[in-house]
Structures are given as structure tokens and as C-alpha cells.
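Would you mind keeping the following structure in view while I ask a few things?
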Amino acid sequence: MRGRGNACSSRALAVSWRPATWHPRLDMGRLHGPRSSTSPRNLPHLFLFFLFVGPFNCLASYSRATELLYSLNEGLPAGVLIGSLAEDLRLLPRAAGRQEQQSRPPERTGAERSPPLSFSLASRGLSGQYVTLDNRSGELHTSAQEIDREALCLEGGGGAAWGGSISISSPSSDSCLLLLDVLVLPQEYFRFVKVKIAIRDINDNAPQFPVSQISIWVPENAPVNTRLAIEHPAVDPDIGTNGVQTYRLLDYHGMFTLDVEENENGERTPYLIVMGALDRETQDQYVSIIIAEDGGSPPLLGSATLTIGISDINDNCPLFADSQINVTVYGNATVGTPIAVVQAVDRDLGTNAQITYSYSQKVPQASKDLFHLDENTGVIKLFSKIGGSVLQMHKLTILANGPGCIPAVITALVYIIKVIFRPPEIVPRYIANEIDGVVYLKELEPVSTPIAFFTIRDPEGKYKVNCYLDGDGPFRLSPYKPYNNEYLLETTKPMDYELQQFYEIAVVAWNSEGFHVKRVVKVQLLDDNDNAPIFLQPLIELTIEENNAPNAFLTKLYATDADSGERGQVSYFLGPDAPSYFSLDSVTGILTVSTQLDREEKEKYRYTVRAVDCGKPPRESVATVALTVLDKNDNSPRFINKDFSFFVPENFPGYGEIGVISVTDADAGRNGWVALSVVNQSDIFVIDTGKGMLRAKVSLDREQQSSYTLWVEAVDGGEPALSSTAKITILLLDINDNPPLVLFPQSNMSYLLVLPSTLPGSPVTEVYAVDKDTGMNAVIAYSIIGRRGPRPESFRIDPKTGNITLEEALLQTDYGLHRLLVKVSDHGYPEPLHSTVMVNLFVNDTVSNESYIESLLRKEPEINIEEKEPQISIEPTHRKVESVSCMPTLVALSVISLGSITLVTGMGIYICLRKGKKHSREDENLEVQIPLKGRIDLHMRERKPIDISNI
């Protein structure tokens with residue numbers, strides 16, 4: 001490298017850019033080109049390149065800058081191949097050129113090159129988010145970060161420059177590029193590669209309106225084919241045909257249609273077109289759903305509510321219901337008394353419906369001076385006192401004027417009746433608050449609340465005047481003594497604003513001539529806060545499924561208050577007993593729960609809510625919320641133990657009860673119903689689903705199999721069902737059901753030759769037996785219970801090992817057949833089992849007559865059975881080491897339990913077995929051997945005696 005420094009520096013000037021042309025294809029992740037060219041005009045730009053490359057500019061024997069272009073769809077999963085830089089840069093032979101390569105020597109692959117190729121990003125930047133580059137093969141794959149073209153190009157903007165390992169470029173609205181700078185090493189194959197990855201759009205976004213409610217106003221006089229642009233068109237982040245293509249209405253109401261216009265930028269705007277005559281007075285609003293649809297396959301939709309309001313124009317004029325009214329006025333009428341009201345109607349709205357009233361120019365000035373017309377209300381009042389010379393009939397022509405309209409006309413004929421006698425007078429003096437003839441009383445005023453004094457009198461002083469109260473209501477008019485012609489108006493019972501708010505009564509006076517005068521009294525009740533809010537239901541029972549979403553809606557509380565105004569405005573509050581995770585909107589009354597509820601933690605909630613009005617002082621009422629959390633199957637069945645162990649005596653009867661498998665499910669109802677089944681060994685064991693009782697279908701024999709391992713599955717009744725499993729270990733306790741099995745001697749007819757020269761204390765033979773049981777049931781003791789022969793007491797048997805030895809020296813008189821009846825007994829409880837075997841010893845120098853010995857063996861021996869059992873201490877032997885430490889415990893427990901094998905006994909045996917497991921495996925191999933001291937090869941067979949001497 002040091003020797004090449006100058007060469008590398010000089011050759012680096014040969015680097016040139018290779019521009020690529022854009023050829024979009026439909027196949028994902030394929031190379032679109034490279035194309036290379038060299039030009040001296042690019043040399044000035046190379047100096048900027050060297051500033052970036054830095055220490056890499058001297059690592060290659062030659063250098064070239066290359067540009068590759070790939071394209072792929074957005075939203076692809078991780079691991080999709082984008083392209084192979086080694087193959088597309090022709091650093092590896094292409095598959096398509098294999099026939100051509102056969103004609104020339106094979107070219108080494110990138111892995112075979114020495115040194116191998118290495119590909120790396122110029123800098124890390126954002127490379128880990130979108131693509132991964134294999135440093136050895138040069139393959140580009142999509143990464144775990146899914147590429148979203150809309151988010152990527154919005155983040156990258158348009159016109160990102162080279163310089164990082166990854167840049168984002170969006171030079172046009174339809175293109176979205178991912179830019180990478182890759183270095184190829186070592187120096188023999190150095191490349192500085194610019195990779196462009198074009199991200200193709202897929203239809204993964206539905207059109208969306210910026211607002212959910214769109215309003216548009218159309219004048220009611222809009223002509224047919226009027227076009228109105230709908231603001232807030234739908235937006236689709238996708239491009240091309242995947243963007244918004246068309247709009248439509250769900251209901252055109254037979255009055256409208258939609259059209260779409262596209263501007264030079266490709267933006268589509270919906271236009272509402274009027275297709276029929278509109279009349280606001282007939283229908284002032286149309287509501288429909290506007291739907292935007294894109295061009296994807298399948299197309300995606302977006303919608304919003306379109307409200308078409310019909311704006312008013314002044315197309316209606318005031319109208320009177322009648323063309324003429326007749327009015328009668330007495331000559332003694334009081335000035336200011338209303339005599340008539342004219343009222344016209346304009347169907348338009350707002351200023352278009354404003355009406356003013358005026359007299360026609362045909363009305364004489366004298367009539368105008370006598371009768372005043374209110375231009376806003378149309379009320380005609382007596383403006384001056386009626387004199388004796390006033391005409392008895394007045395024709396009042398009244399005009400109703402609207403903006404831009406021809407006035408409507410009504411005629412009021414006013415007839416004046418002259419009065420010869422002056423009518424009685426009614427003079428009120430109000431005690432209660434009175435404004436413009438209206439008396440205001442509070443609804444909570446007590447009974448007999450005074451309203452007003454009325455003085456009734458005759459102006460002439462000639463006639464007697466009487467009066468009475470006319471009208472319905474809790475009022476009375478009574479003389480106020482001791483004064484004459486004075487009357488008091490007062491209440492007779494409490495008044496309730498919620499039942500009736502307004503009363504209209506009249507005080508009527510008449511004289512003896514029959515002339516009547518009426519004075520109207522209007523009473524308006526004022527509301528008081530005398531009603532508390534009332535819930536529709538005092539007990540609000542609610543339900544919600546557990547594992548609800550946060551801030552889940554429970555209900556909307558509603559309480560009514562009969563009071564008016566602020567006194568009837570109700571606010572809602574939680575009671576002090578409500579848990580903190582419940583929320584109640586004080587204005588809307590919407591009750592929510594902010595956290596997930598767990599039925600297994602708490603099933604029922606009960607707390608109070610308050611409804612409070614805004615009166616002074618405020619009134620309130622209380623209701624109780626009872627919320628029940630409904631169960632979902634979110635808990636698997638749970639065994640009380642992960643592992644169950646049962647100790648069962650062998651020969652347990654079929655379908656006997658082994659033990660109970662306890663399982664619980666915190667869910668309720670069917671979700672908490674649990675079914676148990678045995679997964680393995682179901683041919684031997686069965687479980688009762690209801691009680692969980694485990695049973696064995698057949699009797700179990702420990703000697704065939706000492707333990708069983710089961711898997712029990714618990715499945716609940718939910719949808720979908722949940723399950724769990726538990727391990728069941730069944731250990732069989734040994735029962736003394738096998739007597740010892742004598743393996744040697746093999747037959748009662750076999751015999752052994754004992755030489756007379758055998759020394760006392762020498763072993764002669766042994767009795768070897770095994771017991772299939774275990775523990776104390778397999779501890780074997782040997783004893784001679786019967787003897788026959790010249791002197792059979794010369795032989796002794798070891799009670800523990802079964803070795804038979806010579807006790808005394810043999811004499812001449814001891815020659816012959818000695819027969820020993822050996823009892824092999826176990827130490828089982830409560831009843832030991834035993835076997836017997838005949839040991840035949842022939843004392844002689846040789847066996848000269850086998851037939852004679854056989855004849856002796858065939859004779860039934862007359863042997864007296866000795867009842868005395870061998871007295872041996874129970875100590876461990878090399879064959880049953882595992883039973884030793886447990887013998888005292890087992891015997892004591894067996895005696896105490898009167899033969900019942902309890903769980904405690906079984907556990908003790910199981911612990912002992914575990915401790916002696918290693919020794920047991922060693923002893924199993926010894927059980928098939930003959931443990932005779934000195935390892936004497938006896939070769940004892942039937943009728944085949946051998947010599948035994950003290951060799």
C-alpha cells in the first residue's frame with residue numbers, strides 16, 4: 001500500500017460519473033440501468049468527490065462512480081430483494097451470460113475473489129430504517145421498517161442532495177426516491193456507487209375530507225345549471241390514479257347533481273349543480289352524504305355530510321288575512337285604550353320580512369289625530385278624547401309595507417257609540433310590583449298576598465255601583481271594610497309556576513242602569529327554585545364487559561328540573577363513594593370509566609351520583625349507579641398445583657379413586673366451567689370432569705411399572721376456549737404380593753458332592769432367591785426348617801446371605817445323602833411370604849453310582865419341620881440398600897395404621913427410593929449373580945456332582 005501511494009493518487013483522477021436514465025417498470029426491485037460515460041468536463045467535480053471520500057481515494061487501482069436505479073412498491077415486508085449491486089455492477093457473472101461465458105475461462109465470483117468484495121454504505125444515517133445491505137454479497141433488501149411513500153416523501157421534501165448514506169428526494173409530485181451512497185472495496189474493485197430507489201405508490205390511503213360537516217348556501221332564486229364549488233374537497237395522499245378521481249352524492253333529492261373539474265395541477269374540485277327550481281319557503285335545507293372515490297383497485301372511499309342551505313331572497317310580500325275589520329268604540333273610552341290590532345304576514349326571513357304599518361293618504365287627518373297607529377306593531381289606540389262633534393264612523397285604510405313590495409291593504413271601520421250616561425269608574429292602586437299593566441308575583445308567595453286596591457265609583461253620584469271578579473285563577477276580590485267602594489284583590493292559595501305561569505283576570509263594575517266597565521289585570525308569576533332535579537330512575541343499572549377500552553362510555557345521565565332559567569339548569573357530580581377511575585361530565589351527564597375493569601377483581605360497583613341545579617340555594621337529588629362487570633373469557637383454568645403426586649398401593653382395584661385434581665377458573669358462568677381430560681395414557685386412566693376424581697381403569701401392578709406420569713388438560717367453556725395443563729405423578733406403593741423366587745438351586749432333585757475332607761467353616765453351596773417386591777417386602781431371610789441324613793446338623797445356613805457352610809468335620813458315619821429343607825422368607829407386612837427348596841448334599845469321595853443317588857432323591861423324605869424361625873437383625877445388604885434406612889419407620893407406621901398404607905407411609909418410601917436410586921441400579925445387576933464368599937465355581941447341575949475340597 002505504501003508503495004502504491006503515488007499510483008493511487010494519480011489514477012483516482014480517472015473517476016467519472018455514470019448518469020442513469022429513468023425507465024420505470026412494473027417488476028419490483030429490478031435494475032433499471034446502469035449507463036456509464038467518461039468526460040473531461042466532469043473532472044472539476046471530482047475534487048469535491050475526493051473531499052468526501054477522504055481516505056478511500058487511494059485504496060483502488062482504478063476508480064469509477066456509478067449510478068444504479070431500482071424501483072419497488074411501498075409497504076413491502078422485511079427481506080424483499082431490491083437488487084444485487086455485485087451483479088448489476090458486473091462484478092459477478094450474470095445468469096443470462098452463462099452461454100457466452102462458456103467460451104472463455106471462468107471468472108471467479110465475489111466470494112471466490114481474493115481478497116473478497118466488500119460493500120458498505122458511505123455513512124450510516126437512516127440506512128437501518130428502510131434498507132439493509134449485505135456486506136459480502138452486495139444485495140439490497142427491505143428492512144423491518146416498512147416504507148411508506150407518503151410519509152417518506154413528506155419527510156424528505158423535494159430535492160434532497162447526495163451526501164448521506166440515505167437521502168429522500170421527491171423531484172416531482174409523482175416521484176419519490178430513496179438515495180444511497182455505497183462504497184465497493186477492496187482497491188482492485190473500488191466503486192463509489194450512487195443508488196436511487198424509486199418508491200412506487202400503492203392504494204393504501206382512502207380519500208378523507210378535512211371536515212366531517214360541509215355547508216354550502218344556494219340562493220333560492222338560483223337558476224337551473226348554477227354551479228357552486230364545494231369547499232374542503234377530499235384529500236388522498238396517494239398519487240396518480242390512486243388519488244381522488246370522482247365525487248358523488250348519496251341522495252340528490254331530485255334537485256342537484258355533482259360535477260368534477262380538474263385544474264392544470266391535476267387537482268379535482270367537486271361542483272354542485274342546481275337541477276331544479278328552489279323555494280326556501282317550501283324547503284329551506286337539503287342534507288346528503290358526499291362520497292369521494294379514488295381510482296385504486298379496489299377503490300377506497302371517504303365521505304362527509306353535505307348540508308345545502310337555501311338562502312332567502314325577498315320573493316314574498318306582506319299579506320293580511322282579512323281585507324276589512326269592524327271596530328266599536330264607546331264615546332267615553334279612556335285615552336290610550338287599544339281599540340284594534342292589524343297584523344300582516346311575510347313568509348320571508350330577516351330584513352326581507354320586516355313590515356311597517358301606515359295610514360293611506362286617503363285617511364282624513366281628523367281620523368289620524370283621533371286614532372294612533374303604531375307603525376311596528378299595528379296597534380290602533382285612542383289618541384284623544386272623543387268629543388260630541390266627532391263622526392260616528394271612521395274608515396281607516398292601513399298599509400302593510402315590505403322592502404321592495406307593493407303594500408298590502410286592510411280597512412278598519414271604527415264605529416263610535418255615544419254614551420249618554422257616564423259609566424262607573426275603576427281606579428286601581430297596586431300593592432304588588434306592576435309594570436305596564438302586568439303584576440309580577442313570586443310563586444312562593446303565601447296565601448292572601450295582597451295584589452291591589454280598587455276604588456269603584458259613579459262619576460254622576462246618582463247610581464249604585466257593584467263589582468265582581470271575572471276570570472279563573474287563585475284570586476278573590478272582596479270589600480275592604482270599613483271603607484265603602486273599596487275592594488281588595490288578593491290570592492286564595494299558593495301558586496305554582498310549573499303549573500301555570502300567567503293569569504288574566506278582570507275587575508268588572510256596573511251600575512243600576514246596567515252599564516258595565518271592565519278593568520283587565522294581568523298576573524305574571526316569577527319562578528323560584530322550589531324544585532330539585534329529578535332523575536328518571538333512582539336506581540341506574542348498568543353493565544359493561546370487562547377489559548373495556550379506557551374512557552369507555554357507560555351511560556348518559558339525565559335529570560329534569562321543573563324550574564326555569566338558571567334554576568332549571570342541572571349539573572352532574574359523582575358521589576363521595578364513587579371510585580376515582582369513574583368520571584362524570586358535569587354538563588352533559590356522560591358517565592365514563594377511565595381504566596380497564598376486571599370482573600375477577602371486582603364484579604359489582606355501587607355508588608351515588610348527584611344532580612344539582614343552579615338556584616340559590618341550590619337543590620339536588622341523588623341516584624344510585626349499580627354497575628355490573630360482565631365476564632369475558634380472559635382467564636385460563638388454573639390448577640391449585642403445577643404438579644400433583646399420588647401414592648397408590650399396587651393391585652388397586654379398577655376405577656378406584658386415586659385422588660382429586662383441583663382446578664379453578666376465575667371467570668364466571670360458562671367461561672368458568674372446566675372440563676378435565678387425560679392427555680396421555682388415557683387407555684389406563686380416566687378423570688371425572690365434574691368432581692376432578694382421577695381413577696385407573698385397570699388394576700395396577702408395581703412390578704410391571706412402578707410409576708406413571710400423566711398430563712391432565714383443563715379446558716373452559718369460553719369462546720374461544722382457554723386451557724392449561726398439569727403434571728400428575730402416580731407412584732405405586734409396594735404390596736407384599738410376591739413370595740421370594742429361588743433361583744438356585746434350580747430344582748429339588750439337584751444335588752452337590754461334598755468331599756469328606758472339607759474343613760469346618762468352609763462354604764459348601766448357597767441358596768439364592770430374589771423378591772420382585774421392594775422395601776421390606778423384598779428383604780429375604782434364609783433358614784433350615786427340616787433336615788434328614790446321617791448328621792444333617794453339620795451344615796448351617798447364613799440367614800442373610802443364604803450361604804451354607806460346614807460346621808463340624810465330617811466323619812465316616814456322615815457318608816451319604818444329607819437333605820436340608822430351606823425356607824426362604826421375606827419380611828413383608830402384615831403377612832410375610834415364603835418359598836421352600838430342598839438342598840441335597842451327597843457326602844462321599846466320588847459319585848460312583850448316580851442311579852442310586854437318583855433313587856434316593858425320588859423318595860419322599862420324612863423330615864420334621866422345625867417351627868423355630870431364624871433370628872436375624874434386619875440390616876442392609878448389597879442388594880437392597882435403598883430399604884435400610886426406612887425399615888424402622890415403615891414398620892412403626894404399619895403397626896400404628898393397622899396395615900393401612902397411608903399417604904405418609906408412601907411419601908416416606910418414595911423419599912427413600914429417591915435416595916437409594918443410584919445404589920438400586922448397581923444392585924439390579926447383582927441380583928442375577930451368585931454372591932457366594934470366595935466366588936466358588938459350583939457348576940451344580942442335576943445329576944452332575946462335582947468335588948468340593950479345601951483347595
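Each Cβ is built from the backbone N, Cα and C atoms, and glycine gets one as well.
Grabbed the feature section from TrEMBL, which reads as follows:
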type	residues	note
DOMAIN	117-209	domain 'Cadherin'
DOMAIN	218-320	domain 'Cadherin'
DOMAIN	321-535	domain 'Cadherin'
DOMAIN	536-639	domain 'Cadherin'
DOMAIN	640-742	domain 'Cadherin'
DOMAIN	746-863	domain 'Cadherin'
REGION	96-116	region 'Disordered'
TRANSMEM	890-913	transmembrane segment
Roughly where does the domain 'Cadherin' (746-863) sit in mean pLDDT, to the nearest integer?
85
Residue counts in helix (H, G, I), strand (E, B) and coil for the domain 'Cadherin' (536-639), per DSSP?
4 helix, 49 strand, 51 coil
So, by DSSP, how many helix, strand and coil residues make up the domain 'Cadherin' (640-742)?
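Going through the domain 'Cadherin' (640-742) residue by residue, I get 4 helix, 48 strand, 51 coil.
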May I have the DSSP-based helix, strand and coil counts for the residues of the domain 'Cadherin' (218-320)?
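Taking each residue of the domain 'Cadherin' (218-320) in turn, the totals are 3 helix, 49 strand, 51 coil.
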